[in-house]
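Listed features, source Swiss-Prot:
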type	residues	note
BINDING	173, 329, 360, 361	(2S,3S)-3-methyl-L-aspartate binding site
SITE	195	site 'Transition state stabilizer'
BINDING	238, 273, 307	Mg(2+) binding site
ACT_SITE	331	active site, proton acceptor
């Protein structure tokens, strides 16, 4: 089955592009807006609409394969590729990429993904991560349609993985609405919750960590109030390095605080994402490796999750090699081609470290659906409900696609 045409259209994501540098320097909120001047090249405002480019591959039989190019909320910052806008990148797709797609035989996802993710260059440079992300999604969908298979089945077959028609735990994020959205997550029986966005010491963590401790107390009580004794979600809190700030990155003290949180969270399993941010890749790897060692030695029932400085496939491999944490987040758009997402999950599992197939609130419904198929094939420990920050919408998109795929896999005899 060949591609006979390729179409591209501007789209919207589930959230916004935010200039992280300007926000760190004290940009002031005005409603949902930020006042002030952008600090990162490419930004015209501190907060801009989240943009996507919608990829449509027309196949010989008239079917259309879909994928969406998208970037993370903090596009253009933290060493990432430049800010991703449709205006800038649509011409590249139309003029440089479209001719290379037309006439391609859709016979192997891995081979095609390798070409567009790792070999193809424009003006001597690799394609933007967002372009590689969306193009490889569409290519996977195209191969699946050509073979009359689910995308999960294509990944399983090409990477020699078993087809297991069972759900992968879904992790929801509350955003700043810590209480109402936690209620929503509990009512809908989310597998992992609430993320909680603990990104500020004064407002959210507390100078002694007392505000987060109080929130976990409230959350545990609320789970029992709304759901009774049968519901046992994992409590997963992202602290954005703030715990390290209040303890001056003293790992023994941090471990002691995490032990207090774990005691309060019991009987629920506790994960803490990003306990420290050491400001560099190797500093982060060393700190999380030591912190994991302390936690394991002391028998503290908490798992730490690597996020900061763990961005590319190469980064993820380094964190896994050095056991820098109990789990690594795989931020799907930052990896470029979804072939790298598959490799990242499989590498983490091979190394005995937890795999969290994450991403960003700033993706699309389509990229989230395709992430579901990657998760069903590779079996990470959890995946993110995305896109958006409203909780309900992202959970609906991911949960429903997962249930559809599982039902079809069962019908086809997946075991």
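Backbone N, Cα and C atoms are what each Cβ position is placed from, and that goes for glycine too.
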Structural state of residue 238 (Mg(2+) binding site), classified by DSSP into three states: strand
Candidates 173, 360: member of the binding-site residues with the richest Cβ shell (10 Å): 173
Set of same-chain residues at least 6 away whose C-beta sits under 8 angstroms from residue 329 ((2S,3S)-3-methyl-L-aspartate binding site): 273, 305, 306, 307, 310, 356, 358
Rounded inter-Cα distance in Å - residue 238 (Mg(2+) binding site), residue 361 ((2S,3S)-3-methyl-L-aspartate binding site): 14
Rounded to the nearest Å - Cα separation of residue 360 ((2S,3S)-3-methyl-L-aspartate binding site) and residue 331 (active site, proton acceptor): 7
Sorted by sequence, non-238, 273, 307 residues with Cβ within 8 Å of centre, Mg(2+): 195, 237, 239, 240, 272, 274, 305, 308, 329
Cα distance (Å, whole number) from residue 361 ((2S,3S)-3-methyl-L-aspartate binding site) to residue 195 (site 'Transition state stabilizer'): 12
Inter-residue Cα distance where the pair is residue 173 ((2S,3S)-3-methyl-L-aspartate binding site) and residue 331 (active site, proton acceptor), in Å: 14
Conformational class of residue 329 ((2S,3S)-3-methyl-L-aspartate binding site) under the three-state DSSP mapping: strand
Whole-number Å value of the largest CA-CA distance among 173, 329, 360, 361, listed as (2S,3S)-3-methyl-L-aspartate-binding: 14
Listed in sequence order, residues not in 173, 329, 360, 361 with Cβ within 8 Å of the centre of the (2S,3S)-3-methyl-L-aspartate site Cβ atoms: 73, 195, 331, 358, 359, 384, 386
Residue among binding-site residues 238, 273, 307 with least C-beta crowding, 10 angstrom cut-off: 238
Assigned element (helix, strand, coil) containing residue 360 ((2S,3S)-3-methyl-L-aspartate binding site), judged by DSSP: coil
Close in space, distant in sequence - residue 361 ((2S,3S)-3-methyl-L-aspartate binding site), Cβ under 8 Å, 6 or more apart: 14, 15, 73, 173, 175, 386, 387, 388, 389, 394
Cβ neighbour count (within 10 Å, all chains shown) around the residue listed as 'active site, proton acceptor': 22
